[in-house]
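Each remark here refers to the structure printed beneath this line.
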Amino acid sequence: MNQYMLAIDQGTTSSRAILFNQKGEIVHMAQKEFTQYFPQPGWVEHNANEIWGSVLAVIASVLSEAQVKPEQVAGIGITNQRETTVVWEKDTGNPIYNAIVWQSRQTAGICDELKAKGYDPLFRKKTGLLIDAYFSGTKVKWILDHVDGARERAERGELLFGTIDTWLIWKLSGGRVHVTDYSNASRTLMFNIHTLEWDDELLDILGVPKAMLPEVRPSSEVYAKTAPYHFFGVEVPIAGAAGDQQAALFGQACFTEGMAKNTYGTGCFMLMNTGEKAVASKHGLLTTIAWGIDGKVEYALEGSIFVAGSAIQWLRDGLRMIKTAADSETYAEKVESTDGVYVVPAFIGLGTPYWDSEVRGAVFGLTRGTTKEHFIRATLESLAYQTKDVLAVMEADSGISLTTLRVDGGAVKNNFLMQFQSDLLAVPVERPVVNETTALGAAYLAGLAVGYWNSRDDIAAQWQLERRFEPKMDDDKRTMLYDGWKKAVRAAMAFK
């Protein structure tokens, strides 16, 4: 009987289960959406039990639809929406509050207080992160502050904290193990990425009891086996875990220092492998742990772009300029250029390297000759300009010049965008055959732990190129276009 690896990809809007074979090819996939809760403006929450239910449902679906028996699963790898925070009762397994999602801004007030007390440099130095509502630490504090008796119960060891990987491993193992991996721990604002331990000083500042924190383990290791009653009577090794963006870096086989990937989803997340050194950023990048494997930890620099694919959705749903996302490519290619039009899609502010949450979207360079095609092209080009902004500071911080960019995510199907991206960066852009790189990364991490794959070299050799986009633009034009973009961003930031 053939053996397969099962990846659980627990995302922000849906949970997916994907079966991979030995060649790293997708055998079958199942997906289930779950409810988003918005109790107040800017707040985003999930029901952790509903997430768990959705994971069980997709596991059942993928096995039955693919006609794969549970005993044919060699191991399970988990990848997850990062930073999203769950606090639950150790005895009952019941969450004491909804999961607070990474996007949620409900702890912005706590962050402002911490920054006002001058704690930002301390957190930055120890965790590689900024004090921001994005990360888990202030979310745990919020739950402990707002649920009656929670802090006292946490101190007595009655409550457990976890990011979604921890919650799912705990549930799948029947409550036997309370663990996270290095990559997820590095997103909590409580983990020292240099000593590789929960940091007592930071926990003290946040008022989070150490007793509730999971044990931090490598990203590729057998943590536990599934409780038979959760996996059709079978005990399967749960053998790998990583946050979604780090898993994508692994799935793209970016194993050597200086290799980078960009995921074009709702937003963009760009990660560059910096090897065994944690590179401190001077330009608003995050320093994060890529993974812990083979007895060592490797680091990455990360840049975040808030609006990417959602700008294409805006053209479709908000402005009704296109009927499908694919139409954007057709219209963009009908014109030679944007005719001087720039769209700055700062709908919710700008991320790396600007970190300005007040700035709003703007359009510049409109004339009587501007058409729908120019506007659509300018919107697509904005994704590439924002990517160049991030890569420019990555190169400056790391001292590494990028030689190629590997890409994944929904928007990479757009050939116009990929060619323009290559032109603007002056490096080749590589699109892989398997676009589900996040799930593939989780499968690879678990597969290495159970011997399904032998080494990272085997995995790197499996990485298959679907199409390579080579730069065709001359330097003068590239400089002129990018200078125009920088001018547009400055103008947008001045208008508040």
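Note that the numbers count up from 1, one per residue, in the order the chain is shown.
Each residue, glycine too, has its Cβ placed from N, Cα and C.
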Problem set entry | Given Swiss-Prot lists THR12, ARG16, GLY309, GLY410, ASN414 for ADP, the same-site residue among THR266, THR352, THR367 | THR266
Seminar exercise, completed: glycerol site partner of ARG82, GLU83, ASP244, GLN245 according to Swiss-Prot, chosen from TYR134, TYR182, TYR299, is TYR134
For this session: Please tell me which one of the binding-site residues listed here (THR13, SER14, ASN414) sits closest to TYR134 (sn-glycerol 3-phosphate binding site), measuring Cα to Cα?
Result: THR13
Seminar exercise, completed: For glycerol, residues beyond ARG82, GLU83, TYR134, ASP244, GLN245 with C-beta within 8 angstroms of the site's Cβ centre include exactly GLN81, THR84, TRP102, ARG187, GLY243, PHE269
Exercise. Among the recorded positions listed here, ARG16, ARG82, HIS230, whose Cβ has the fewest other Cβ atoms inside 10 Å?
Worked result: HIS230
Problem set entry | Cα-Cα distance, maximum over THR12, ARG82, GLU83, TYR134, ASP244, record's sn-glycerol 3-phosphate binders, Å | 15
Problem set entry | Sparsest Cβ surroundings (other CB atoms within 10 Å) among the binding-site residues GLY309, GLY410 | GLY410
Seminar exercise, completed: Of the binding-site residues GLU83, GLN245, THR266, ASN414, the one whose Cα sits nearest to the Cα of THR13 (ATP binding site) is THR266
Problem set entry | Candidate with sparsest Cβ neighbourhood (10 Å radius) among THR12, THR13, THR266, the listed binding-site residues | THR13
